[in-house]
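Peer 1: Pulled these from TrEMBL:
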- 93-520: domain 'Major facilitator superfamily (MFS) profile' (DOMAIN)
- 25-44: transmembrane segment (TRANSMEM)
- 171-189: transmembrane segment (TRANSMEM)
- 195-217: transmembrane segment (TRANSMEM)
- 229-251: transmembrane segment (TRANSMEM)
- 257-277: transmembrane segment (TRANSMEM)
- 346-367: transmembrane segment (TRANSMEM)
- 379-400: transmembrane segment (TRANSMEM)
- 407-426: transmembrane segment (TRANSMEM)
- 432-456: transmembrane segment (TRANSMEM)
Amino acid sequence: MAPPLAFDDVLVEIGTFGRFQLRQFLLMILPLVFNAFSNLSYVFTAADLKYRCYIPECENRTDAAYLTEWLPAAVPYQRNQPAGCERYEAFVNITGDYLQCQASDFNHSAITRCFDFVYEDKAATTIVNEFNLTCDENTWKITLVGTIHSVAQGLALLLGGLFSDRYGRKWALLLSIGLGSTLGIVRSFSVNYEMFLVLEFLEPLLGSTMYTTAFILGQELVGPKHRVFAKSLCLVVFALGEATMGVIAMFVHNWRYYLLALFVPGLVSLAFLWVTAESVRWLLSKGRNREAIVILERAATANRRTLSESTLKYFATNDYQRETPDLPANPSFFEQLAEVFRYKRLTIRLAICSFCWFTNVMVYYGLTLNSVTLAGDKNVNFILITLVEIPGAVCMNFILNRFPRRMTQFVSLAVCGVLCLVTLAIPEDDSWIHTAMFLFSKMAISFSFGVLYIYTAEIFPTNLRQSLLSMCSMIGRLGSIVAPQMPLLAKVWKPLPMTLFGSIALLSAFTILEFPETGNVRLPNTASEAENLKANSFDSDRSE
């Protein structure tokens, strides 16, 4: 038996980041953008709207305005805004042509409910006004949309990881985009809230793993020194995809047309993504060496390199880094997972990683969803809160190649936690300072999220990399299940969401210190290699 051949040595032969890898990453732009669309479409389709009671005694339906001079006489105000579903009872039967109502026309001691409304943005149509989800008693139905979406994403990450590790990254990617786009289009034709909610569950269940799969497809084909750049590129593209949603929302105000604008391009993209190369690492881990050789030779040709005869001979005559002869030839996920639990460090690492994912996901999505509640235009706020991720993504490419992964992860989480708590001390009247602190908090958690993706992919072995990444991400989705409920928590105590975000970010930061260092380290292919990652790997590798 020939000595094991590390795949990173093969990458040196064909080029660690040449034309072939660049083409692969350019193709991955499409699923990254579509995943952004899938993740946060409900922010706009299920967006709450500003509305107040229609006062037929004082206005005509055709020219009714959301705010008028006489409105305080007819409607109670809360926080300088008219109440959404309450109005004062009129003393007299005012005729339709009496359009100058006064306080004396209404009994301010008698408040009644209304069921007809005037909306601030008359052009906006979401499921709130189309399916009559107005007033406080229906708030839970609106927040439930995001929670249902996140539950489906959590299940999808587990199922998608199992499918990807069993049947391949490429098929997982194509099916995810095809099924997700189709269900997103069907959702735009929902006839009631119940149908919308069912499709809001099914679409991410079958289509939301495209980000993880695209990330793994790109990450497994580049050398250690380019993994950070690869992730930075993914983060920038994802942020631009999110910002694009805000731009589209500026021009498409009907939620049905909005969904069509987001999901129709996904079906069209399948024609381009069909040429995506399968993960060579996955093929080798499954013993499909001949298919792997074909892709490696294509990559070498595209990168103007040559694959050595010794490498070709090795792949033709050896199983690739089979280390556990006690496992079956084609072990199931649960058999491989049992192998992981044999290693104490890997087990602890999996638990900590899952908690960190929960923290990052909850704070990331919590801040994103809360952005539409800030002062100013909600579309502009959403665009700003997504674009603020880009500086962190760009800086990541420079920081992670110069500083240890572990310390970088710790600092980014700790900074986010501190900023969230400091925001509580800023008066709401200082809207610009409040918004700036909010944006810096989002920048910090976005940076942390990006580092965590790289970290997770580096600390687990090849044959379980996507499954365990998906498992951590699935547990992290519990955070995104909690995040849409923050408006309800804010009604209990307004500072509660930011207090929760800050506290859990700080706690998670200290658990990171238990991780090994992986900067510039070869990706582990087996469980024992992953177990034996050293805490000082960053320093030792930089000295080589």
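Positions of Cβ are set from backbone N, Cα and C atoms, glycine also.
Nobody curates TrEMBL annotations by hand; they come from automatic prediction.
What's the neighbourhood like for these features in this structure?
Peer 2: Sequence-distant contacts of the transmembrane segment (171-189) (same chain, six or more residues past either end, CB-CB distance under 8 Å): 30-31, 34, 37-38, 41, 160, 163-164, 196, 199-200, 202-204, 206-210, 213-214, 217, 255-257, 259-260, 262-267, 269-270, 273-274, 276.
Listed as Cβ neighbours of the transmembrane segment (195-217) (distance under 8 Å, sequence separation of 6 or more from its ends, same chain) are residues 24, 28, 31-32, 34-35, 38-39, 42, 127, 131, 144-145, 148-149, 151-153, 155-157, 159-161, 164, 169-170, 172-173, 175-177, 179-181, 183-184, 186-187, 231, 234, 238, 276-277, 279, 453, 457, 465-466, 469-470, 473.
Proximity of distant same-chain residues to the transmembrane segment (432-456), defined by a Cβ-Cβ separation under 8 Å and at least 6 residues beyond the stretch ends, is recorded for 215, 219, 227-228, 231-232, 234-235, 239, 353, 356-357, 360-361, 363-364, 367-368, 370-371, 374-376, 381, 384-385, 388-389, 391-393, 395-396, 400, 405, 408-409, 412-413, 415-416, 419-420, 422-423, 426, 468-469, 472, 501, 505, 515, 518.
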Peer 1: Let me know the model's mean pLDDT on the domain 'Major facilitator superfamily (MFS) profile' (93-520).
Peer 2: 86
Peer 1: Rank 229-251, 257-277, 346-367, 379-400 by Cβ pairs under 8 Å to the transmembrane segment (407-426) and hand me the top one.
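Peer 2: Result: 346-367.
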Peer 1: Sequence-remote contacts (6 or more beyond its ends) of the transmembrane segment (346-367), Cβ cut-off under 8 Å?
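Peer 2: Answer is 150, 340, 385, 409, 413, 416, 420, 438, 441-442, 445-446, 448-449, 452, 455-456, 459-460, 468, 471-473, 475-480, 482-484, 486, 497, 501, 504-505, 507-508, 511-512, 514-516, 527, 530-531.
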